[in-house]
Amino acid sequence: MANYFNTLNLRQQLAQLGKCRFMARDEFADGAGYLKGKKVVIVGCGAQGLNQGLNMRDSGLDVSYALRKEAIAEKRASWRKATENGFQVGTYEELIPQADLVVNLTPDKQHSDVVRAVQPLMKDGAALGYSHGFNIVEVGEQIRKDITVVMVAPKCPGTEVREEYKRGFGVPTLIAVHPENDPKGEGMAIAKAWAAATGGHRAGVLESSFVAEVKSDLMGEQTILCGMLQAGSLLCFDKLVEEGTDPAYAEKLIQFGWETITEALKQGGITLMMDRLSNPAKLRAYALSEQLKTIMAPLFQKHMDDIISGEFSSGMMADWANDDKKLLTWREETGKTAFENAPQYEGKISEQEYFDKGVLMIAMVKAGVELAFETMVAAGIIEESAYYESLHELPLIANTIARKRLYEMNVVISDTAEYGNYLFANAAVPLLKEFMTKLQPGDLGKAVEGTAVDNAQLRDVNDAIRSHEIEKVGQKLRGYMTDMKRIAVAG
């Protein structure tokens, strides 16, 4: 099979990369109605599979789970989760032929096997759903022409999809219809109903394309969302310990620092995050972020180039075929780092202390968010998509580090995200080594001293922060998420 994106001509590639429209709330007036009375069969009962299914059932849909015979016979975790939550569970052969919508929520590397198993069983005119388009775009999976192919991609881990729904809200969501598979022209109606059934319409839905979702998702998770947090954690911890900081305190400052810092980012963008600093610290964080952007821009651009060309995907799929040798090696190496094995700090760190003593971490967040956004937009991805795949998801990933350090982050994210994270972090750590030797007192682990600032310089820095395009689009999109709950509780 050929990479689907690479079969398109340049005009088609640009059109699909640039497809992004914020949908009006009244477009979801029918809610999940289009799927009421129809049979939805979910394949896979992981975090997305279970939690989307619970939401869909609570929205009045008929939901069941198709699992492999071995998973049922051996009563594996997927079978237990589905049955314990009262869902009908059956084999592919038992459930797929009756399904009006088959939703494939298995891991990326399983998609080809799953789709090849379910396609022959699907009835004529049924629909196939994804929450990530890797199988269609990068693998180039060919789907029967009578089947409608749609995507509903919540911009959140599965657990958050459920929690926000239970609060009467939802999470921002991308929806799309595969242009090669919409024989009856009902793809958008199916996608809208599915998105509404998960609660996504209450937080904002972007009509996108499979191509735009995949390319932006890969870029975000590899760079700012996971790769930058991993590289930053390792670099900052080692620097603190090298300068004599208690390893336990250093570990806590970093583990919970990302979460606390990005909570401000979530509520008010880069502007609010920077406003939590004293004026001298803000000027220093800005200067550090500009240095970081200059150093890291080529690395961000390389990742975007490799994602657009398909180089990243082909390399990762080669590792799949080699029993994940690279992935598992990198995972093991991460588990052996000093940060992951540092003792726990039993004392308290106040919320403001995370900001005052984490100026470099704030600079890393600012630089990473802006670079990811700028690089995606330069590649033809629309600003709204770039925002969701950079700034919006960052607090959610930071929250996983707060739970169990980098181990938890890499467990929660997909194998695709984890592989890309290691690629980026393994390049970023040596790239930033020299930069780390030039830090000043007050950049990390100690507060910036003094209060004196130049008014004109502060004015110009404030203007530069607030006039960045990600701040403009972020203010608009956050207006649809006024019900967001507070994730972080400073440790």
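Positions of Cβ are set from backbone N, Cα and C atoms, glycine also.
Under the three-state DSSP scheme, HIS132 (active site) falls in the coil class. The active site annotation in Swiss-Prot covers HIS132, and the record cites sequence analysis as its basis.
Taking Cβ-Cβ distances under 8 Å and a sequence separation of 6 or more, the neighbours of CYS45 (NADP(+) binding site) in its chain are GLY53, TYR65, LEU67, ALA77, SER78, TRP79, LYS81, ALA82, LEU105. Among the features that Swiss-Prot reports, NADP(+) binding site is placed at CYS45, GLY46, ALA47, GLN48, ARG68, ARG76, SER78, ASP108, LYS109, GLN110, GLY158, with the record citing sequence analysis.
Positions annotated as Mg(2+) 1 binding site by Swiss-Prot: ASP217, GLU221. Within the same chain, residues at least six positions away from ASP217 (Mg(2+) 1 binding site) with a Cβ under 8 Å of its Cβ are HIS132, ALA153, GLU389.
According to Swiss-Prot, the feature Mg(2+) 2 binding site maps to ASP217, GLU389, GLU393.
If you look up Swiss-Prot, you'll see 15-208 marked as domain 'KARI N-terminal Rossmann'.
Over the domain 'KARI C-terminal knotted 1' (209-344), the average per-residue pLDDT in this prediction is 98. Taken from Swiss-Prot, the feature domain 'KARI C-terminal knotted 1' applies to 209-344.
Annotation source Swiss-Prot lists domain 'KARI C-terminal knotted 2' at 345-484, citing sequence analysis.
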Could you state the whole-number distance in Å separating the C-alpha atoms of ALA47 (NADP(+) binding site) and GLU393 (Mg(2+) 2 binding site)? 17
Within 8 Å of the Cβ centroid of ASP217, GLU389, GLU393, the other same-chain residues by Cβ around the recorded Mg(2+) 2 site are LYS155, SER216, MET219, GLY220, GLU221, LEU225, TYR388, SER390, HIS392
Cβ density check for GLU393 (Mg(2+) 2 binding site), other Cβ within 10 Å (all protein chains) comes to 25
Of the recorded positions listed (ARG68, LYS109, HIS132), the greatest number of other CB atoms within 10 A surrounds the CB of HIS132
With a 10 Å radius around each C-beta, find which of these binding-site residues (GLU221, GLU389) has the fewest other C-beta atoms nearby. GLU221
